[in-house]
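Under the heading N-linked glycosylation site, Swiss-Prot lists Asn82, Asn184. Residues or ranges marked as region 'Disordered' by Swiss-Prot: 1-21. According to Swiss-Prot, the topological domain 'Cytoplasmic' annotation covers 1-32, 341-345, 390-454, 531-604, 665-710. Per Swiss-Prot, topological domain 'Extracellular' is recorded for 54-236, 282-319, 476-509, 626-643. Here Swiss-Prot flags 33-53, 237-257, 261-281, 320-340, 346-366, 369-389, 455-475, 510-530, 605-625, 644-664 as transmembrane segment, drawing on sequence analysis.
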Amino acid sequence: MARKRKPPSSQGDPRRYDPDFQGPTAKRTCTDVLCCLIFLLFILGYVLLGLLAWAHGDPRKMAYPTDSQGHFCGQKGTPNENKTVLFYFNIFRCTSPSMMLRLQCSTTQICVSRCPERFLTYLDMQFLNKEDKNYWEYYRQFCKAKAKPVETLRDLLISGDCPLAVYPSRPFLQRCIPDLSALNGTWTPGSRMKFEDGSGQTRTMLEFREAANGISDLINARTIGLKLLEDYATSWKWILIGLTVAMALSWTFLILLRFTAGFLFWFFIFGVLGIIGYGIWYCFLEYSSIQQRPQSTFWMYGFGIQRRVNMFFHLKETWFSMMIILSAIEIIIIIVLIFLRTRIQVAIILLQEGSKAISYLPSALIYPVLTFILLSICISYWAVTAVFLATSGVPIFKVMVPAGQCIYEDETCDPEIFPYTNIPKDCPGASCNFAFYGGRSMYHNYILTFQVYNLFAFLWLINFVIALGQCALAGAFASYYWAMKKPDDIPPYPLFTAFGRAVRYHTGSLAFGSLILASVQMFKVIVEYLDRRLKKAQNSAAQFLHCCLQCCFWCLEKMVKFLNRNAYIMIALYGKNFCESTRDAFYLLMRNILKVTVTDEVTYFVLLLGKVLVSGIVGVLAFLLFTERLQIIVDGPTTLNYYWVPFLTLVFGSYMIAHGFFSVYSMCVETIFICFLEDLERNEGSPSRPYFVTPALMNILLEQGKIKKQ
């Protein structure tokens, strides 16, 4: 009888014993060449896009305010060099609903050297000017350059050369904002409660505040940006010191893991629980303190987010909410520890094995610096290109009508010939104002497409840099594992060799994997963009769909990242293309699914606690410093607008630094584990086919009952 063939397994066939296999394959060929060529062409196109944006863009358009003629205020070498402030002819038009759509007030705007200091209408100026000519000299500085005195208000409305009235204002981010002074709780300009705006209409303080808020909403982001820059300029030395402390702590923890993994594991746990407990205690103190004050709950309103942020930390609800959130995190960590208590010993042994590998390959701890440099280059290039693309083009002028009832509204116009057209006659009050920077050329028509290209290229390059690091580290740690006599059998310069192999042979495969991940992330960005566009509609079905898509893409991204990491390990080991490596890694994990659940969950959780502990220690020190509670340091920053800005920067920066160091550790543990699974399938522990795994790791897994001898 013929012998029946065994059907192929749905989980793939186990590895067979190969006496010649001694770690990462030396003889390789280039993989995924087509994807490599596409990737290189894509980078070339990205470079050309950057040069094109550099040639057409002008970042000054974001730094200087622009008048209605499209000229910069305060720019050196121009007639507006000494006119650094933007003045609005009719600030009440900034309350128009269409203003937020155009991001521009539908009123004439000119550059002036100073803001008005008194309330004065044009008619009052005419009357007073008969006795004192200085009134016209004062008023004309808020008019157009060619303005001349007119006799009637009708002539003034037709010419549009001067505002109907000027109000006491103060410069705010190079804009003249009405000076609203609080007198006995009532908002008043100067000392008037109601007044005429020069056109016969009576205005109230509420209208004034709405107009000021309208302008504030337009420039709010730039306001916060400047204040943030000021805070960074004040505290940058302390931020660098804090990041250095985070780097030293991360390095110290990695070294200590080699000798005291068990002790450090419990130190991570109790350290994180202690820091969160301190946060709960501090939030409770602030909550109790504010609760004893009268009027601790109030409605927040004012000029943009600056006022709201300042009030935010004076609300008892703020501290109560943060206390609840921290308490929930504390409880979740304790529950997770209870469920994972039986697997902690496995994680400790894996951490010790990872520490041994890193001690033999100390250059692995320096590799995050290279990753940081490459990521910084990618982020900087993306940001600069985005700014230059956003500021490309020439000034575009459009017809703006305050009433919004004109057939010519939003049509392009030329400010030089606009007064001689029929538009001012057909639409009284219409003006030809600067709207935005753009153009009608092919380049300007594709600005949005270029921005999308810029974002996708950024995501692709970021993921490629991370993939390159993972593949290089995997190759180095695989060389360590498959050395029978450590460190004698470890090849020289394993990290440098693995990095060279990855770049020379597997650029296409790494680009392929990073392309898949970048595509998923791009879809997430598109979903978020659509959600922001649909939020105002308050459509329940659309919101439900968004939540479902967001959840699906989040799960998909996590799954792709997990498969990519293991695929890069297989690429580093065998040098196959991305699809074959992904298939082999997936089958290997599926054949050993129980062992995967033992290691990954606990090990990653321990490393996460280490990152949180590093950022938490630096965060507590930063909080004490920036709130002047650290009495040891007397020269700390004391003039910060928002102390939480450098504080959050330090916490986030410390976490990213710790993530950079601990990601090396994570890749080390994952590579050792994949190699361990390969080792179990290739060998049997006999003298002729010995295991490469260390006895400590083998014994702990045997004790857990996860490995059964063949």
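Cβ coordinates come from backbone N, Cα and C, glycine included.
A quick note: this is a predicted structure, and the numbers were derived from the prediction, not measured.
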Touch test for the transmembrane segment (369-389) and the transmembrane segment (33-53), at least 3 Cβ pairs under 8 Å: yes
Stretch-averaged pLDDT - the topological domain 'Extracellular' (626-643): 63
Contact check, the transmembrane segment (346-366) vs the transmembrane segment (237-257), 3+ Cβ pairs under 8 Å, seq sep 6+: yes
Positions whose Cβ lies under 8 angstroms from the transmembrane segment (455-475), at least six residues beyond its ends: 24, 39, 42-43, 46, 49, 364, 367-368, 370-371, 374-375, 378-379, 381-382, 386, 494-495, 497-499, 501-503, 506, 510-511, 513-515, 517-518, 521-522, 525, 564-565, 568-569, 571-573, 664, 667-668, 670-671
Residues from the same chain, set at least six apart from the ends of the topological domain 'Extracellular' (476-509), whose C-beta lies under 8 A from its own: 21-24, 28-37, 39, 356-357, 360-361, 363-364, 367, 468, 569, 571-573, 575, 577-578, 581, 667-668, 671-672, 675-676, 679, 690, 692
Long-range Cβ neighbours of the transmembrane segment (605-625) (under 8 Å; 6 or more residues past either end): 238, 242-243, 245-246, 249-250, 253, 265, 267-269, 271-272, 275-276, 278, 333, 336, 340, 347, 351, 633, 636-637, 646-647, 650-652, 654-655, 657-659, 662, 665-666
Residues of the topological domain 'Extracellular' (476-509) by DSSP state, where helix covers H, G and I: 21 helix, 0 strand, 13 coil
Helix, strand and coil residues within the topological domain 'Cytoplasmic' (390-454) as assigned by DSSP: 20 helix, 16 strand, 29 coil
Secondary structure composition of the topological domain 'Cytoplasmic' (341-345) [DSSP: H/G/I, E/B, coil]: 5 helix, 0 strand, 0 coil
